[in-house]
């Protein structure tokens, strides 16, 4: 079964293949299913970019998208995630995309369902498609990863983006720096070195900023937004000390004037909206992989063909 739960489960050659496939879609390659195939997006947390990006990718591939709203589903009556996914499998859905607030929600499904599951974010755990689109954006800029310095700045402890990216970037040969408030350090993450924010920004080829994950905090932040920006944000002054050719990334949503000065969101060095564009192509590649795995596993052999 061709699930995608975490990039840490994929060998580097498969990650490179996904990036190559995404680049091919970006260059205009068109794929279509030879017969109807169905996918459901189960988002148990709010989302704009990931949800809409998956839906765009699904439609570009000619997949049929089954509407699903947790607030108007039997989840509200106590139905479990497992029973929800098994129901969708039973009625003919070929793959599911899931975002869930629970870390590693997918472990209960890994060997229990017969359709591919794509993780669109699990609590503070993993966000594999975000990492893939970040990797694609970095590769487009620098051509390779070996020797690059990537500074991940902000709410490290509560960020699935930080966790996913630090692991895969380290495997790819990049040097990862972390920076942010001491109380938001992630001591369980073995990848990356903690430095002060000014040092991180000055050394980085890639400055990756993170949103404060207020919804995952047990306590309120002890700083005002203005204080956080001054101490840990990418201010205009700090941006002037970035290396020549360095780029700015952010998984979004962006809190302007908090983790990044508003003027920098669309500055020359920013690739924030390029990340969003790349997200569609990356998710097309991931969905294609999932559907091919579905065909090999079950009832739909020889389902895809290339449209030249």
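Keep in mind that glycine also has a Cβ here, set from the backbone N, Cα and C atoms.
Straight from Swiss-Prot, the features:
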BINDING   49, 50, 99, 127, 130, 252, 253  carbamoyl phosphate binding site
BINDING   77, 160, 211  L-aspartate binding site
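Feature map: annotations from Swiss-Prot on the structure.
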residue	record	Cβ neighbours (10 Å)
49	carbamoyl phosphate binding site	16
50	carbamoyl phosphate binding site	24
77	L-aspartate binding site	6
99	carbamoyl phosphate binding site	22
127	carbamoyl phosphate binding site	26
130	carbamoyl phosphate binding site	24
160	L-aspartate binding site	23
211	L-aspartate binding site	19
252	carbamoyl phosphate binding site	18
253	carbamoyl phosphate binding site	11
Cα separation, residue 211 (L-aspartate binding site) to residue 99 (carbamoyl phosphate binding site) (Å, whole number): 18
From binding-site residues 49, 50, 127, 130, 253, the one whose Cα lies nearest residue 160 (L-aspartate binding site): 127
Other same-chain residues whose Cβ falls within 8 Å of the Cβ centroid of 49, 50, 99, 127, 130, 252, 253, the recorded carbamoyl phosphate site, in sequence order: 47, 48, 120, 121, 161, 251
Max pairwise CA distance, angstrom, over record-listed carbamoyl phosphate binders 49, 50, 99, 127, 130, 252, 253: 16
Farthest-apart CA atoms of 77, 160, 211, residues recorded for L-aspartate, distance in Å: 33
DSSP three-state assignment for residue 77 (L-aspartate binding site): helix
Secondary structure of residue 99 (carbamoyl phosphate binding site) (DSSP, helix/strand/coil): strand
Residue 211 (L-aspartate binding site) and residue 49 (carbamoyl phosphate binding site), Cα-Cα, nearest whole angstrom: 14
